[in-house]
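Peer 1: Just lifted these from Swiss-Prot, have a look:
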type: REGION; residues: 1-21; note: region 'Disordered'
type: BINDING; residues: His29, Asp40, Ala41, Gly42, Gly43, Met44, Asn45, Arg98, Tyr131, Thr155, Arg175; note: 1D-myo-inositol 3-phosphate binding site
type: BINDING; residues: Gln35, Pro36, Gly43, Arg249, Lys254, Val315, Glu337, Glu345; note: UDP-N-acetyl-alpha-D-glucosamine binding site
type: BINDING; residues: Tyr324, Arg325, Ala327, Thr351; note: Mg(2+) binding site
Amino acid sequence: MHLVGGAPPEHPEPARPKPASRVAMLSMHTSPLEQPGTGDAGGMNVYVIELARQLAALGTEVEVFTRAVSSRLPPALEIAPGVIVRHVPAGPFEDIGREELPAWLCAFTADVLRTEAGHAAGWFDVVHSHYWLSGQVGLSAARRWGVPLVHTAHTLARVKNASLADGDRPEPEPRVQGEQEIIKAATRLIASTDTERRHLTQLYGAAPGKVDVVAPGVDLDVFRPGDPRAARKRVGLDPDTQLLLFVGRIQPLKAPDVLLAAAAELIHRDPDRRGQLAVVVVGGPSGSGLERPDSLVKLAAELGITDIVRFQPPVPQEQLAHWYRAATAVVVPSHSESFGLVAVEAQACGTPVVAASVGGLRTAVAHGTSGVLVHGWEPADYADALERILTEERWRRHLSTGARLRAASFGWTATAKGVLASYQAAISPAAVAV
């Protein structure tokens, strides 16, 4: 820095690294273009596509590499100015389970490297990998291109294995080892919450100084408050219905069965409530094309609540916002969540959330202000929290107001700026190379 009218300093400041102008974003196992709530598509899909769009809006071009699941997909598709999704042929042109994908890592990596070879030298400034499979690809790509690797885990095997639900399979040891390798070698790590940061440092030995906490965002233009009665009519419900809503993939980890059991408990306590209550599950089974998960259909029958339970296939975000606005409460009883995007989307619509007190849900939901956090998975405890919301209008309005205020701080612009800061730290000469 030079002072006007004076001599230059004896020891000039080092030049600042140039901003990241192009980023290779890796999302091997799930395309950001897939409908969340189907197969393995979920909050990470929303994260990748919204982050890419916002980064481009701030001046950073993004190329997202994802596995091609159909021969009809174009090799490259520009989905927004500055955002290209590249469909990489690796394995069969169909959805396959995540447990089968490690066999196709080499093929995916080779095609990513081949694509970059068609660009000018030094095309990408940063590699940003999402989930451990992409992290393995990112290690190779970053080393080949001589650029830093920034990694976002989204979920961690050791955390999931410590909180398995009944019927869940533990994550395999190769995943644990793969995550360990990525966390050690990555230039920067992005965690969604302070809790995830602690998991990275305490369970995987990540250097605290290279972990950046950047909360995911929510589209506050799409997910916004509205008239609940009008929203209920729009989704085909009576305006006076008290709606309990679950949104997400149907799998033991997400515990939708807890909501069904809690609803049955509410009716047991007050049989007259049956005519007012509705339970809607918006989502599809993980890794299956079934429209309705058989296990939940059977559970509803066993609990005697088939008449009040409705299964809704996954819907686009604009339609999902109507469901959130229609709900009296959104229930998120997951056994593990690195953040809990559904909880924030619901709160942005002014809907109170009843969630498990685990992981990132402790950050997403302000207990007693925007919703209620429940310890454990006893249906009666969820019924207690829901009963108060259903019966005490003043309490429900208090939580609704708090929900809107809570969600207001989770915009995608803030997320993108935080991620850009992590990129800059990775590019800095002081950063540790991959």
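Backbone N, Cα and C define each Cβ position, glycine as well.
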Peer 1: Show, in sequence order, which residues other than Tyr324, Arg325, Ala327, Thr351 on the same chain lie with their Cβ within 8 Å of the centre of the Cβ atoms of the Mg(2+) site.
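Peer 2: Those within range, site residues removed, are Pro228, Ala231, Leu245, Ala321, Trp323, Ala326, Val330, Ala346, Cys349, Gly350.
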Peer 1: Compared by Cα position, which of the binding-site residues Gly43, Tyr131, Tyr324, Arg325, Ala327 is the closest one to Lys254 (UDP-N-acetyl-alpha-D-glucosamine binding site)?
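Peer 2: Going through Gly43, Tyr131, Tyr324, Arg325, Ala327 one by one, the closest to Lys254 (UDP-N-acetyl-alpha-D-glucosamine binding site) is Gly43.
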Peer 1: Can you check what DSSP calls Gly43 (1D-myo-inositol 3-phosphate binding site), collapsed to helix, strand or coil?
Peer 2: helix
Peer 1: Please report how many Å separate the Cα atom of Tyr324 (Mg(2+) binding site) from that of Glu345 (UDP-N-acetyl-alpha-D-glucosamine binding site), as a whole number.
Peer 2: 8
Peer 1: Would you say which of the binding-site residues Asn45, Thr351 has the most Cβ atoms within 10 Å of its own Cβ?
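Peer 2: When each Cβ's neighbours within 10 Å are tallied, Thr351 tops the list.
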Peer 1: Name the residue among the binding-site residues Val315, Ala327 whose Cβ has the smallest number of other Cβ atoms within 10 Å.
Peer 2: Val315
Peer 1: Nearest of the binding-site residues to Arg325 (Mg(2+) binding site) by CA-CA distance, picking from His29, Gly43, Glu345?
Peer 2: Glu345
Peer 1: In sequence order, which residues at least six apart in the same chain have a CB under 8 Å from the CB of Arg175 (1D-myo-inositol 3-phosphate binding site)?
Peer 2: Trp132, Ala157
